[in-house]
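Scroll down for the structure; my scribbles are underneath it.
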Amino acid sequence: MENLLSDNWEVQAKHSTTEALQRWRDLCGVVKNPKRRFRFTANLSKRYEAAAMRKTNQEKLRIAVLVSKAAFQFIQGVQPSDYTVPKEVQDAGFQICADELGSIVEGHEVKKLKFHGGVSGIIQKLATNESTGLSTTNPEALNRRQELYGINKFEESELKSFWVFVYEALQDMTLMILGVCAFVSLIVGIATEGWPKGAHDGLGIVASILLVVFVTAISDYRQSLQFKDLDKEKKKISIQVTRNGYRQKMSIYELLPGDIVHLSIGDQVPADGLFLSGFSVLIDESSLTGESEPVVVNSENPFLLSGTKVQDGSCKMLVATVGMRTQWGKLMATLSEGGDDETPLQVKLNGVATIIGKIGLFFAVVTFAVLVQKMVSRKWHGGTIFRWYGDDALELLEYFAIAVTIVVVAVPEGLPLAVTLSLAFAMKKMMNDKALVRHLAACETMGSATTICSDKTGTLTTNRMTVVKSCICMKVQEANELSNVSSLSSELPQSVVKTILQSIFNNTGGEVVVNKNGKREILGTPTEAAILEFGLSLGGDFQAERQASKLLKLEPFNSTKKRMGVVLELPEGGLRAHTKGASEIVLAACDKVIDSNGEVVPLDEASIGHLNATIDKFASEALRTLCLGYMDLESGFSAKDDIPGSGYTCIGIVGIKDPVRPGVKESVALCRSAGVTVRMVTGDNINTAKAIARECGILTDDGIAIEGPVFREKSLEELLELIPKIQVMARSSPLDKHTLVKHLRTTFNEVVAVTGDGTNDAPALHEADIGLAMGIAGTEVAKESADVIILDDNFSTIVTVAKWGRSVYVNIQKFVQFQLTVNVVALIVNFSSACLTGSAPLTAVQLLWVNMIMDTLGALALATEPPNEELMKRAPVGRKGNFISAVMWRNILGQSLYQFLVIWFLQRYGKTFFRLRGYPDSDLVLNTIIFNTFVFCQLFNEVNSREMEKLDVLEGILDNYVFVTVISATVFFQFIIIEYLGTFANTIPLTFFQWVVSILFGFFSMPIAVTLKKDFPIEN
């Protein structure tokens, strides 16, 4: 089977080509219900539409930029525009309408912007304030703003109603044919046998079709609700906004024109807007235009477009246009209809369904031909070949219905849909476990992961940082309590304290603000927050310090440089640069140091040795170390110049404590027992990384810890020998991380999961089989590139994702094993009976009931099994594991053989065994027993399928209420069908003995399963 599927029925878990996605669709030859079969697959036509839209946007923007450049060069004095403010806009207190705003930003209209008084003019015309933001205290004015300018939401396709799913379930070709058969049966039956007797067969088929349709529709509708809930979670994006005079975190969907938004590296621009102030802003517009070259945004080119990403720098933005008025809104509306790529398992099982469907179609045609041939032969020998009656027509119709129903049972349409059901169930449960799956395939790929490359900060550690030690003026001091910091402040010379506070409060990506409750709040990354808290403890005043100096230039921290810097114009005159970052890197840029007397002295070897020893000591205590430095600049420095890279004076070193998360050590041990290697990849000092890695159980005696600069100098031959042993990579750059992941995937054929939180992690997240972004610390760029978002940033959650991934894979294997067994038996029994006896033991109504047991109900029972601890004691499947394994084939063929022999025994010797000879309706009684036995064989085999290798299949069965409910409901309805619906289902009430024997025949499949597992072991 795997060989048949290998070429055309395989797609990548990520970044599949459109050709590959189209290829398998073209190969689906036997599809009963295309609407249902392809519901959870990508809409390729919508994707082509989105690609065309991107191309148009790229051309529009290219022209707009050229025009705006030309306009900028030739504007001497702006000519009066013919723009007039619409009356309703004026009445509401605004001086510019939404269309005019849209044309300015989207068209990069410098001329129009200048006419309206530049960005400051737009601020006034939108009745807002750059410092305090929008005022929302007047609800009426807020509603009027929303009416005139719109809200920041995109059009989405409405949720289909339940009746749409009923209609789609009715689109099944075989059910439609059976419906026609039922109608003809009703007409002929009533004409020949009268009402109501002649209507029984037709009404039985109609009732079965309706039952199948409604059960299918309910299952599909519930799935669609689950996916809708997950889509809502995926779209939750927050942004920093100044509104009502306060800086606050808000959902991007609450933004309105006039809002003041704070953007920093890694953020997604939430609406079309105008640049107000900021530094070094680079915007990646590829998501909107497909153009990979970043765009510089500043006061000369102030246009920011919704959906683009901040690649570097930080700025304040005025929101101008929102929602569907933006190009991004229109693109998102189209993209949302494009859907997710189908998963490799979905495609593979579509292949299985197609191959088996063709076999089933062949058997159905042959079965119908054999039944018709037997009937014609019987009439020939009876001399009635030229006389045909209503009963003959009904018999032919019954044969045709049986042939069609064989196709219903034989085409396992439920296989690819079971994948979706299992993934939807797992994704919902994982959401409760703090993991948001963005792409369906990630859920299934995670189960095959063999390596996890994890960040340290915030994933293995708590990300609650505090400065606990410092080395200032060459003295090491404890700083973990307020009293220690206060005494430190009093011991240091005031000039040094002043320099430290100037460095801490100006050279930062964080802020100290007063929130709406009047309380002080620190904004920024945990590292920034820890240092700002340290500055406040030293007695500093953030706002006073910021207002004292003028900020000329800011270079934000990024993981390549591993430091950040600012240039200030001091109140007493003169310029000063401050730097802060990785201790070894900043210390290497220093040539002076502040000594114990507060004097600036040259940095000699003894001082360097002391400071390096201090860094190593802090690091060995698992502290994160940062070095602060400053230098005074010549007056000729301009904002266009780079901040100097050397010549600094070392102010001091701080040691930041970030405790290991509880439960991480156990989770790492669990990964190791599951055959999954955990590697730590961090930008921190190697000694800090090693200390944390040992505490977590990642670094073992035979493992290697290496620094990024050393790693990237290695030759290919050295890397091939080194990579399998690497357990810790410290001081790594994003490129090092990407190189490690690429080698693990391609050279060593590992299935790699990678965590990331920063903008620069995007390439590694994109390259990995499973990209895991951090929900709290992660930037929007990282989340956009990821497949799963870890909402609590906890490593233990990553292990939970792996466990659920394995559960999905195994659950689908269980369902496939169960369904293929029913397929094989139903085909062989009906075909062999038709050939040998000229009749089929299972009628159309009975086969429809069996189909529902194995398809919708079977998927519900087996595809929703929760994960157990045993899953993490097995080796991972890896990249090359066969989905339909040898163990599954053993179980399928063994159970099929047993069931076939039971049915054959009942057909051949059933009348003798049950003493039915000479009994009225003996054929009907025997066929009812065969039907009942067949159903109970499936039910007990469903229980067997819970475990493919373990002998105890009942362990934990009561914990899965879905499984117990499905089995109980099936038994109940089977009893009703046999005892009370005989006229419709072609059954007759059975005696107690006949019931017991039917159930026992089904039960014996359990000891058969134990025998297969014990006596025919198969090594995986």
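Each Cβ is built from the backbone N, Cα and C atoms, and glycine gets one as well.
Features of the protein shown, as given by TrEMBL:
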- 6-49: domain 'Calcium-transporting P-type ATPase N-terminal autoinhibitory' (DOMAIN)
- 116-185: domain 'Cation-transporting P-type ATPase N-terminal' (DOMAIN)
- 840-1013: domain 'Cation-transporting P-type ATPase C-terminal' (DOMAIN)
- 173-191: transmembrane segment (TRANSMEM)
- 203-221: transmembrane segment (TRANSMEM)
- 355-376: transmembrane segment (TRANSMEM)
- 396-426: transmembrane segment (TRANSMEM)
- 883-904: transmembrane segment (TRANSMEM)
- 924-941: transmembrane segment (TRANSMEM)
- 961-980: transmembrane segment (TRANSMEM)
- 992-1012: transmembrane segment (TRANSMEM)
For the transmembrane segment (883-904): best-contacting stretch of 173-191, 355-376, 396-426, 924-941, 992-1012, by Cβ pairs under 8 Å: 992-1012
Same-chain residues at least 6 beyond the ends of the transmembrane segment (924-941) whose Cβ lies under 8 Å from its Cβ atoms: 818, 821-822, 825, 829, 841-843, 846, 849-850, 853-854, 895, 898-899, 902-903, 906-907, 910-911, 914, 916, 967, 970-971, 974, 978, 982, 986-988, 990, 994-995, 997-999, 1001-1003, 1005-1006, 1009
Candidates 203-221, 355-376, 396-426, 961-980, 992-1012; stretch with most C-beta pairs under 8 Å toward the transmembrane segment (173-191): 396-426
For the transmembrane segment (203-221), sequence-distant contacts whose Cβ falls under 8 Å of one of its Cβ atoms, 6 or more beyond its ends: 36, 39, 160, 162, 165-166, 168-170, 175, 178-179, 181-182, 185-186, 401, 421, 844-845, 848-849, 851-852, 856-857, 859-860, 981, 983-986
Secondary structure content of the domain 'Cation-transporting P-type ATPase N-terminal' (116-185), with strand meaning DSSP E or B: 40 helix, 1 strand, 29 coil
